[in-house]
Amino acid sequence: MYKPSLLAVLLWTCISLSSFANDGYKLWLDYQPISDSQLKSQVEPLLGGVYFFGENPTYEAIRKELNLASKSMLAKAPVYTKERLQNTKLWIGTREQLSQVLSLDQQAQIKALGNDGYWRGTLELDGKSFYAIVGNQPVGVLYGVYNWLNSIQSNTFDSSTELSDSPKIKLRMLNHWDNLDRTVERGYAGFSIWDWHKLPGYVDPRYIDYARANASIGINAVSLTNVNANALILTTDFMKKVKVLADVFRPYGIKVFLTARFSAPIQLDGLKTADPLDPEVIAFWKKKTDEIYSFIPDFGGFLVKANSEGQPGPHEYGRNHAEGANMLAEALAPHNGVLIWRAFVYSHEDEVDRHMQANNEFEPLDGKFQENVIIQIKNGAIDFQPREPVHPLYGAINKTNVGMEFQITQEYLGQATQLVYLAPMWEEVLKTKIYRPTPESTVASLLEGEGTGQKLTLIAGVSNIGTDRNWTGHLFAQSNWYAFGRQAWDPSLESKQIADEWIKLTFGTNPEVLTKIEDIMLSSHEAAVDYMTPLGLHHIMGRSHHYGPGPWVMGGRADWTAPYYHNADSLGIGFDRTTEGSGALGQYAPEVAKAWSDPNQIPEKYLLWFHHVPWDFKLKNGNTLWEGIAYHYDQGVKEVRKMQETWASLESEIDPAEFDHVRQLLEVQEEEAEWWRNACLLYFKTFSKRPFPADIEQPEGDLEYYKSLQFPNAPGI
Ligand code: BDP
């Protein structure tokens, strides 16, 4: 008789345990078995009689999703019926397809929801009731189905309640900063998921899972390549590869965009110039664009970074951004394509405060861009800092389409080792009052086109996705992808509500787990700001890789050094952007400029962003500025320890693999938070020459040691 050795038994145990472990691959689409009997009694009959009104590739995608969900939630496949009335319970179709069974009122209500909207609820016909998921277009139906599945997973589904929703923003877009060699600029989750070498022949199933994940949260556009662009993506060989991705994404309602390198006419066709007014250049882009559309008839358009950080652009030829953008927009217009032009434009040759340069470039051009151009503006004027006041370009231009650029990848927010839930930061930006173009305007209302009538609306996020098994490196970084999609769909959503949704989908519906994880997530951003850049400090990260603290970073171009931003000296610290300083505050609406010009009135979180303040300046709570800085750094570390404790208390409730993954990373985060606190406080003390408050954990270590640290393997450069 075969007797297994101890080793074999151990191995087997490991294998079977690991097959239960959750590696995070399924994201928030990990359809758990339904344990609640009441919920099951509602869902089971519906999936036992599904009827589709018609056929198309998106319905095929829905069918695949229902198969997956049903097998996992109910341990059986759904039953699809061919006859509308017999044995059917769940109806899926468009408003037009269901027009015979919807009342005129219902049809009008659904029509008003637009292309991507959906309605779900119960319909009565011939004394029988049916649950229906209806959209104006198949993609709206898809969103409705995902919303329905989401409600089942979070145990909120109730067939007697009608529900409808539609997005407030037209383009909800991921910007990948993926290079053609599969490295990812500012990528902390492995390599690019676009396997250019194996495309077009091999379609990695991951592309489909990526599309499912995006569609489930309403993302409907992706730019595949880095904004620091490589012209080769525009060659015919690459178009064939991109076409395959576009074909995979189409049923999921996702359009593909590419980044266009402004000098491509020179690099690809050997032209002598890339001058946007040159007839040969114009002809090049027209031909190139027509060729792309011959492969991808619904190609979204181009995303362009020009004349910034060394990228080529119209300035080389004495042309402005509008001339550059409009030339490309004209090539796209006959195909209904969109040209997204980034406002992240600054130059070290310009002596003016970097904060002001984008406004200086773009305000005079307001109204001069073609209708199919969107100016994509980062949330703040410097660069995705842990906390950044809103970009003054919002509201300053209002005769041009504007769109938001957030950064989901955590370049400045802990990269792959830190748990930082970003939705509260985005919510803060979206809700900021900007008073232009109307006295009520907020960033969100402007993005939605209120007050400007802007039709082409956009919220983009720089992707945090890579080849890591769990897609985003840190399990909790998945919540940022999720939250981005939700906020882009509806910028008025609260970050707490989104956290709730994600937690239920990821960890289940146990209320204790929910409350604890919510605490961790909702405190995480403020904690990171505290231990990195409190009170409006900014851009004091390590050189180039931006990993860890580097308030001492000097040398090279001034606007890439830390002292350019913190200006610490024996008197005080901060960047004076008042009229006595750079004057950047004058670029905001007068209401904002006035309130923020006074160091005693400005919200303290932005104090050092706009003011150079003496070390003994009195904060609202009576502490001096120096004490306040020290308390914030200390508080940040304490918050991370609290997060660790809360997580530890959840051990019995969380999948062991997930639990341990997060536990280990929180340990790293604690060390990194301490490092930030120690290094920054020791460094700033060399200027303030004041003691640390006695009741904080005293910063340890030697400043010279912190300065000497090198990270040649830091990812994402
Ligand atoms: C900065 C990044 C850099 C990007 C740049 C951009 O450090 O890698 O190329 O933004 O947005 O945050 O273009």
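Backbone N, Cα and C atoms are what each Cβ position is placed from, and that goes for glycine too.
Annotated in TrEMBL:
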SIGNAL    1-21  signal peptide
DOMAIN    27-148  domain 'Alpha glucuronidase N-terminal'
DOMAIN    153-471  domain 'Glycosyl hydrolase family 67 catalytic'
ACT_SITE  Glu309  active site, proton donor
ACT_SITE  Asp383  active site, proton acceptor
ACT_SITE  Glu411  active site, proton acceptor
DOMAIN    472-695  domain 'Glycosyl hydrolase family 67 C-terminal'
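Averaged across the domain 'Glycosyl hydrolase family 67 catalytic' (153-471), the predicted model reaches a pLDDT of 98. Separation of the C-alpha atoms of Asp383 (active site, proton acceptor) and Glu411 (active site, proton acceptor): 10 Å, rounded to the nearest whole number. With a cut-off of 8 Å between CB atoms and residues at least 6 apart in sequence, the same chain places Arg186, Phe384, His546, Gly716 near Glu411 (active site, proton acceptor), listed in sequence order. Within the same chain, residues at least 6 positions away in sequence whose Cβ sits under 8 Å from that of Glu309 (active site, proton donor) are Asn228, Tyr346. The secondary structure of Glu411 (active site, proton acceptor), as reduced to three states from DSSP, is coil rather than helix or strand.
For Asp383 (active site, proton acceptor), the number of other Cβ atoms no farther than 10 Å from its own Cβ, over all displayed protein chains, is 17.
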